Amino acid sequence: MVVGIHRPSKLVINAEAIRNNVKNEISRLDGHSELFAVVKANGYGHGIVETAQFTKQAGATGFCVAILDEALALRDAGLTETILVLGITDVKYAKLAAENDISLTVGDQAWLDEATQILNQKPLKVHLGIDTGMGRIGFQDGASFKKAADYLEQSQQFNFEGVFTHFATADEKDTTYFNLQVERFNHFISQLTRRPRYVHVSNTATSLWHAACNGNMIRFGVGIYGMNPSGKTLESPFDLQPAMSLESELSFSKLVQKGRSISYGATYTAEEDEWIGTIPIGYADGYERRLQGFHVLIDGQFCEIVGRICMDQMMVRLPKSYPVGTKVILAGKSGEKSITMTDIAEYAGTINYEITCGFTQRLPRIYTENGVVN
């Protein structure tokens with residue numbers, strides 16, 4: 001992995017914003033609920049270890065990740081809190097997870113049967129996943145779920161730590177399907193002879209707009225990073241503070257004559273003499289080609305991206321001549337104007353956290369406290 005520290009393009013991560021988002025959500029929970037920080041996918045692009053540390057400082061009592069490798073990275077960083085792997089882990093790594101005190105998601109009896117042949121001394125912590133309508137992983141019928149739960153209660157090789165589901169439409173106005181999933185989940189839970197330590201259903205969207213369903217632990221994900229999971233559909237009950245900015249500088253500036261074209265395919269042609277600036281960032285950094293025609297901020301003014309975005313560079317139309325080294329905001333604030341990840345996502349036809357997850361490791365992550373670099 002090569003990190004581009006010798007060019008001006010970088011991601012700036014506001015640690016205080018991350019902590020404030022977590023603290024604000026914790027303040028809304030009842031006294032019996034915990035917040036686990038979802039730091040999968042490199043902390044949604046913000047840095048997995050750094051984000052975990054910031055959220056722990058703000059009161060998170062555990063972490064959720066997607067794959068075992070992410071959990072092991074947190075352990076290697078010295079984090080000792082509960083870590084739940086939300087995806088299905090190959091059963092051959094059950095012993096490795098147990099040895100590192102990592103909790104795994106289980107979605108069928110066959111996995112438990114095979115793990116029993118592998119585990120020896122240290123019990124494995126497991127959460128049973130229930131498919132109430134996401135259609136992804138988990139038990140689909142009550143009978144198989146109850147069989148697995150009873151099996152865990154009787155086994156010395158497992159610690160039945162939790163049970164959970166995931167909602168497909170918690171970030172939408174229409175709650176019909178959401179309510180159906182709640183009903184199905186409650187039916188599953190009613191079959192337990194004993195509830196495990198954690199009964200959890202809430203992702204960020206559920207915790208923001210359906211707090212009554214929280215259970216005793218919430219999986220707070222995109223909200224950590226100050227992004228609304230519904231985009232602009234639903235209003236957040238508190239101010240989510242964006243944690244990530246994307247900044248660069250002009251690497252080149254030139255006056256282009258009327259009739260000259262810009263970038264691959266010659267898809268943009270100057271209709272008059274124009275100042276064109278080049279920015280050293282491109283789709284290899286996660287700033288996608290489909291953002292042609294969108295804008296950046298320079299000197300508090302929106303400047304259109306002209307021509308196709310290249311792998312490592314892109315061009316913008318300037319209102320006047322600006323010198324090389326002029327600051328460029330691709331996401332964040334400049335003067336009275338701002339560009340949010342949601343703005344970028346809407347133009348690209350996607351969701352805000354796909355944008356942040358897509359920024360590659362070539363972009364340095366710079367962490368700040370109250371505007372000062374750590």
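One is the number of the first residue shown, and numbering goes on along the chain from there.
Cβ atoms are placed via backbone N, Cα and C, with glycine included.
Look at Swiss-Prot and you will find LYS40 (among others) tagged as active site, proton acceptor, backed by sequence analysis. Less than 8 angstroms from the CB of LYS40 (active site, proton acceptor) sit ILE48, CYS64, VAL65, ALA66, ILE67, GLU70, LEU86, GLY221, each of them six or more residues away in the same chain.
Sequence annotations record features per position, and here Swiss-Prot assigns active site, proton acceptor to TYR264 (among others) based on sequence analysis. In sequence order, GLY307, ARG308, CYS310 are the residues of the chain that are 6 or more apart from TYR264 (active site, proton acceptor) and have a CB within less than 8 Å of its CB.
If you look up Swiss-Prot, you'll see ARG136, MET311 marked as substrate binding site, on the strength of sequence analysis. For the recorded site, ARG136 (substrate binding site), the DSSP three-state label reads coil. Around the Cβ of ARG136 (substrate binding site), the number of neighbouring Cβ atoms within 10 Å comes to 12.
Feature annotation from Swiss-Prot assigns N6-(pyridoxal phosphate)lysine to LYS40; the stated evidence is sequence analysis.
Look at TYR264 (active site, proton acceptor): DSSP puts it in a helix.
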